[in-house]
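Structure, as structure tokens:
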């Protein structure tokens, strides 16, 4: 009975370690993708790609002012 309990605890700890390392590797991969991705290497203006026919030029200018320091 002791060996089964020990084995169960070992498996639980092992599975926790695997899931944590997978999360860390995923976060590192996502960070590298964001740093070295195609879009991040270019200087892109996000407001340039905003398209909504209901927005006027004054609305876009106001949005740009609001998003300057964001």
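Using N, Cα and C of the backbone, Cβ positions are placed for all residues, glycine too.
The secondary structure of residue 36 (phenylalanine amide), as reduced to three states from DSSP, is helical. In the shown protein chains, 9 other C-beta atoms lie within 10 A of the C-beta of residue 36 (phenylalanine amide). According to Swiss-Prot, the phenylalanine amide annotation covers 36.
Annotation comment: Swiss-Prot describes 1-23 as signal peptide.
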